[in-house]
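Asker: Just passing along the structure, written as structure tokens.
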Amino acid sequence: FFSFGLCIAFLGPTLLDLRCQTQSSLSQITWVFFSQQFCLLLGSCLGGVFKRTLAQSLLALFASSLAISLVFAIIPLCHNVLVLAVVMAVAGLAMGCIDTISNMQLVKIYQKDSAIFLQALHFFVGFGALLSPLIADPFLSDTNCILANGTANASSNLPHIRKSLLPHHPGNLSHYDLPMKGMVVTRVSYAFWIMALINLPVPIAVFFLLYKERMVPCFNGSSHPLLSADELALETRPGDKDELSTAAQRPHTAAGHEDLFSCCQSKNFRGASYTYFAVHITGALVLFMTDGIVGEYSGFVYSYAVEEPLAVVHKVAGYLPSLFWGFITLGRLISIPVSYRMKPATMVFINVVGVLITFLLLLIFSSSVVFLFVGTASLGLFLSSTFPSMLAYTEDILQYKGCATTVLVTGAGIGEMVLQLLVGSIIHDRGSYSFLVCGMIFGCLAFTFYTLLVFFHRMYPKPSPELDEASPAKAAVPEDTGQYQR
């Protein structure tokens, strides 16, 4: 997830230098955003394909994290915008696999205790997302990186142009003269090579785990596993070890945690009540709204601040996205110990209510620059733990037998992509104030869907106590989830 965060945040600051490198227009280079986001969504849908065994999941994580390092190393060699878009599409697929597999495996292994581990996992997204712009910043061009005549206007407004670039929304930037031909002078290649080296320990660590767990085909005889299946199961009785070992070697398909396309097969719907579907749908819709808010707020808060009536100077407004992501990271760090004491459902309730109240206050004090900064920090704090808490809550309702992880990850990815495009179009037609109005509407919808989720939770059939206590061996061999299969 550090790899995921590192890869998700570098594109915005470096996009102008990549435009120079590929000698493309603003509208052409913004398609690189779309290729990454679309393939991230596709990778999230397909990530469940690798869930069959722990070995498959770790091999997929190794390949995905290694692919991200290779992408960072290859980007400086891409001098055509189409080639760059293809490379970023590969990065998006790797990010999507990491997103689904990491969440899925933690939920499968730790189940009731997964909330704490999910909070820690998502902290590293924010950490990576904070680090990559800091690495890139010293290597970004201060003046236009394609030397040509008549570029003074564009050069003086380069920081403003950089922060206003969004997927398919170059905004009102067409009047800036950005030449497409000339001598390219950019040092951004060094930033990508540094990020490739910083990310390299991640696939190395995953490979080391594969080696220690005897999952590397060529090196499976010499090392001792870090954790045996018995230790992972936590409550396995000594007498059940042989049975557990036999079951772990038996190839079987997990009952839940499929990829999105497997989830949609009719065999998974037989005998399921309508509340089963309702929990999946309402949970995904909550994250569709909240992750959509993260995407649209981080993308447009700068553009909103520099417009009337606030008219914040460009340099000061540039701190707002960093403040937002900084408090998301801080909130995820705080949520690790908090989730140990507080139920996921309570945390999600506090989050959605906090988002709603923050947007309401931002609308009331819309002419205050100070409150815009306060509100941005507050919004980041409340949105920070929504995804991991929602995932833990929904999986708990479904007793870890549904397709919640894949459905929720996919819903969140669609929301982040769709709402950003929607809000960009609305701001273009209705003005900057509609930015906060849209946020308020999305916050209300998130709260409504959460209320419906709680309602369906109360109606969802509870597991039978007789079944839970019927067989000690059943507790020791978790065949329904396939969670300790190597």
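Please read every residue number as a count from 1 along the shown chain.
Yeah, the Cβs are placed from backbone N, Cα and C, and that goes for glycine too.
According to TrEMBL, the region 'Disordered' annotation covers 464-486. Annotation source TrEMBL lists transmembrane segment at 30-50, 57-75, 81-102, 114-135, 190-211, 274-294, 316-334, 346-365, 405-427, 433-456.
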Asker: Tell me whether the transmembrane segment (405-427) sits in contact with the transmembrane segment (346-365), defined here as at least 3 Cβ pairs under 8 Å among residues 6 or more apart in sequence.
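Answerer: Counting Cβ pairs under 8 Å (6 or more apart in sequence), the transmembrane segment (405-427) does not reach the transmembrane segment (346-365), since there are fewer than 3.
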Asker: Using a Cβ cut-off under 8 Å, which residues of the same chain at least 6 positions beyond either end of the transmembrane segment (346-365) come close to it?
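Answerer: Distal contacts: 286, 290, 293, 335, 338-339, 371-372, 375, 378-379, 381-383, 385-386, 389-390, 393, 436-437, 439-440, 443-444, 446-447, 450.
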Asker: Which residues, given as numbers and ranges, are at least 6 beyond the ends of the transmembrane segment (274-294) yet have a Cβ under 8 Å from it?
Answerer: 328, 348, 351-352, 355, 379, 383, 386-387, 390, 393-394, 397-398, 402-404, 407-408, 410-416, 418-420, 439, 442-443, 445-446, 449-450, 452-453, 456-457, 459-461
